[in-house]
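Notes to accompany the following structure.
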Amino acid sequence: MLESHLIIYFLLAVIQFLFGTLTNGIIVVVNGIDLIKHRKMAPLDLLLSCLAVSRIFLQLFIFYINVVVIFLMEITTCSANCVFLIFVNELELWLATWLGVFYCAKVASVPHPLFIWLKMRISKLVPWMILGSLVYVSMICIFHSKYTGFMVPYFLRNFFFQNVTIQTEAKPGIQIFSFVAELLVPLLIFLVAVLLLIFSLGRHSRQMRNTVAGSRVPGRGAYISALLSILSFLILYISHYLIKTFLSSIKFHVKRSIFLFCILVIGTYPSGHSLILILGNPKLKQNTKKFLCHSKCCQ
C-alpha cells in the first residue's frame, strides 16, 4: 500500500509527464504542419522541433524513473537503455544551449567582429549545430557505454536502497566526474549567451528611455516580457543543472522523498521551458491556437 505522500507525488509525476508531452508534442505537430504547407522549415523551427522531440523522450525516461522509485520495481540495468538515456539527456541540454545562442545572436547587439560574424551566419549554422551535437553526444555515449553496467546501480540503488550492496570493486569516480564536466560545458556557453542577451536588452531599454524622456517608452512591455522569459529560462536551466550535478556527485544514501523531489525538479525544466517557448514565440503561439481550435472543431 502506497503512502499518501507517494500517491500525491505519483499524481504530480503523471500530470508533469502529460503536460510535458503535450507542450512538446504541440511544437512538433505545429512545425510539422508548417513544413508540409510550405515545403521548408526555418532554422529556428528546425531547432525547436529537434529540441521538442528530445524532450518527449526525456519525459518518458523521467516518468519511468518515477514509477521505478515509487513502486520499488526492479531496476533494469540494460546497457542500451542507459546509454540512450544519457544520449537524450545530453542532446536535450545541447539543443537548449544552441537555442539560447540563436536568440542571443538574433536579438542582442554587441559591437564585436566575432559576434557580428555569428549574427550574420547563425541561421546557416543551425543544421551544423544540430549535427555537431549528435556526433559529439554519440561519442560521449560510446565512452559511457563501457561503464553503464555499474553506474546505474550506483546512481539509483545506492541512493535509497540502503540494504543493497553495489556489485563493483570501485565506485565510478572518473565517469561521474566526466559526466558532471560534460554538463558544465553547455551550461557555460548558455550563461554567456543569456547574459549577453540580458545586458543587450537592458542597454537598449535604457537608450529608448533616454531618447523618449518624459513619455511612455514604446515597446516597454515587450522588453519586460522578453527579459522575464529569458530569466525564467535561466532559472529553470540552472536548477536543472544543479539537481543533476547533485545526483551525479552524491556519495551517501538519501531518502526516497528527496530523490523523488530532485526528479520532479528535473522534469519541470523540459516541460516548463517548452511552455515558455510557445508563449514567447508569436508564430508558434498563433499556430498553436489555430491547431487547438481546429482540434476542438473536429471533436
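Quick reminder: no glycine exception, Cβ is built from N, Cα and C everywhere.
In TrEMBL this protein carries:
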- 6-34: transmembrane segment (TRANSMEM)
- 46-73: transmembrane segment (TRANSMEM)
- 93-118: transmembrane segment (TRANSMEM)
- 130-156: transmembrane segment (TRANSMEM)
- 176-201: transmembrane segment (TRANSMEM)
- 222-243: transmembrane segment (TRANSMEM)
- 258-280: transmembrane segment (TRANSMEM)
(message) Short question: most Cβ pairs under 8 Å with the transmembrane segment (258-280), which of 6-34, 46-73, 93-118, 176-201?
(response) 6-34
(request) Could you pull out which residues elsewhere in the chain have a CB under 8 Å from any CB of the transmembrane segment (176-201), counting only those six or more residues past its ends? (result) 86, 90, 93-94, 96-97, 100-101, 103-104, 107-110, 115, 140, 143-144, 151, 223, 226-227, 230-231, 233-234, 237-238, 241, 244-245, 248-249
